[in-house]
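*Asks:* The structure follows.
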Amino acid sequence: MKDSLVLLSRILAHPDSRCWFLAWNPAGTLLASCGGDRSVRIWGREGDSWICKSVLCEGHQRTVRKVAWSPCGNYLASASFDATTCIWKKNEDDFECVTTLEGHENEVKSVAWAPSGNLLATCSRDKSVWVWEVDEEDEYECVSVLNSHTQDVKHVVWHPSQELLASASYDDTVKLYREEEDDWVCCATLEGHESTVWSLAFDPSGQRLASCSDDRTVRIWRQYLPGNEQGVACSGSEASWKCVCTLSGFHSRTIYDVAWCQLTGTLATACGDDAIRVFEEDPGSDPQQPTFSLTAHVPQAHSQDVNCVAWNPKERGLLASCSDDGELAFWKYQPSEGI
C-alpha cells in the first residue's frame, strides 16, 4: 500500500464522553461534532490548527447522536436520545436554537437535509422515519411518518440531487422512499446484510449507495432504471437496486460508518476495531461488477471504536474522524500516483 493517511491533528473534542458523529458545512470551513455530553461543538481552522468556535449545550437533555447542516449552511440540525431534534440558526459565530422538533417516541438516531433544503428526515429507535417540510418562515411540519422498518432505524441519508431518501436499520435492511401523490412511500427494500446496517452513503452521481454493517461488510448497491441495457428486472416504473460489490475480509469488527467522497469517489470506513480504512475503485473496473482496493489503513486511528468518518466537501483528501475516546482527528489522504 503506497497510499497514506497522514494524521494532521488530534483534539479531545468531547472530554469524558463519546464523540458520536461529525458533519462538515457545505463550504468545508466548519465541522460540527456531537457527543454523549449532550453538546454540539463547532470547529474552525485558524492557521494550521482547528479550534472550537462554539459550544451548543442548551438544546438537549441526553446524548446528541447525529448532526447535519442544511445545504445553504445557515442551519444545523441535531438529533438526540432525548427524542427531539433541534434546529440551530447560524448568526456569524453564534448559533441559536430556533425550533425543537418533537414526535418520536424514543431516541432520535439520525437527521438529514434533502438537497433542496426544503425537506428534513429523522429516524428513531421507535422504528419510524419522519419526513418534515420546511417553509419560507422556517416552520417545520411533519408530512409523513414511515413505518416500513421492523426495528430501530439507525441512519437516514438523501440522494445528492433528487428527493430520494434511504434509511438503514437494526432489521438488517436498507429502505428507499420517494414522494407519491402527496405522501411518501417505500419504493425499495435492499436485503443482503446479515446483521444491523449502521450507515449509508451515496456516491457523487447518486447512482450507487454504500451500506456498512455489523456483519463486517460494505455493500455497494447500483440503481437500475426500467428498460436498462443490462436487463435487470424492475417493477413497473420503479427503479431497481442491485448489490454489485461486497467488500468483505477487510474489517475485523462492526463497521459503524462509511463515507463516499463527493470530490474523488474514494470510500472511507470507521470500524469498531479502532481503525480507519480507505478504498479506491480500481481503474477500468466494470460498472456492473466494480472492484475496490484497500489503499490506506490506520490500525490504531483511535484508542477506541471509530464512530464516524467525514470527507471535507471542498478540500480533496481531508478526512475527519471521531471515536468513543472522545477525540476528533483530522487526516490527509494522499493517494499514490496513477489512481
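Along the chain as shown, the residues are counted starting at 1.
The backbone N, Cα and C atoms fix where each Cβ goes, and this holds for glycine too.
Quick caveat, the model's predicted, so the values are computed rather than measured.
Pulled these from Swiss-Prot:
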- 14-53: repeat 'WD 1' (REPEAT)
- 59-98: repeat 'WD 2' (REPEAT)
- 103-142: repeat 'WD 3' (REPEAT)
- 148-187: repeat 'WD 4' (REPEAT)
- 192-231: repeat 'WD 5' (REPEAT)
- 250-289: repeat 'WD 6' (REPEAT)
- 301-339: repeat 'WD 7' (REPEAT)
*Asks:* State the residues, same chain only, that lie 6 or more residues beyond the ends of the repeat 'WD 7' (301-339) and have a CB under 8 A from a CB inside it; answer 'none' if no residue qualifies.
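*Replies:* Hits for the repeat 'WD 7' (301-339): 2-24, 26-28, 31, 33, 35, 43, 50, 253-254, 256-264, 266, 268-272, 274-276, 278, 280, 283, 295.
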*Asks:* What mean pLDDT does the predicted model reach across the repeat 'WD 3' (103-142)?
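*Replies:* Its mean pLDDT is 96.
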*Asks:* Within the same chain, where does the repeat 'WD 2' (59-98) have neighbours whose Cβ lies under 8 angstroms from its own Cβ atoms, ignoring anything closer than 6 residues to its ends? I mean 6 or more beyond.
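*Replies:* Non-local partners: 18, 20-27, 32-36, 38-40, 42, 53, 104-113, 115-117, 120, 122, 124, 138, 140, 155.
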